[in-house]
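What Swiss-Prot annotates here:
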type	residues	note
DISULFID	Cys11-Cys35	disulfide bond
DISULFID	Cys14-Cys64	disulfide bond
DISULFID	Cys32-Cys83	disulfide bond
DISULFID	Cys36-Cys85	disulfide bond
DISULFID	Cys63-Cys88	disulfide bond
CARBOHYD	Asn79	N-linked glycosylation site
Amino acid sequence: YPNNEISRGGCDECRLKDNKFFSKPSAPIFQCVGCCFSRAYPTPLRSKKTMLVPKDITSEATCCVAREVTKLDNMKLENHTDCHCSTCYYHKS
């Protein structure tokens, strides 16, 4: 996907950033932040005909997410040591 200044609309690129709210001086917490890609466009007529609930606008997006996700005692632990643009969590179902 495009990841240039024009498509981000002035938003910083996807990267790790120190989370000041959760971090402690001896234990910094890092979080993936920034923009990747999103766009919206009119839904093509042939696509609307196949939709259960037709919609006029179609959107595509990728979000800035942690590259690594591991399990710890059946609890999801997101290791934010590296970030990349991927499917937005709220689009996964």
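Glycine is no exception: its Cβ is also placed from the backbone N, Cα and C atoms.
Distance noted between the C-alpha atoms of Cys36 (disulfide bond) and Cys63 (disulfide bond) is 6 Å.
A coil conformation is recorded for Cys88 (disulfide bond) in the three-state DSSP classification, outside any helix or strand. Using Cys14 (disulfide bond) as the reference Cα, a 10 A cut-off selects Cys35, Cys63 from the disulfide-bonded residues Cys35, Cys63, Cys88.
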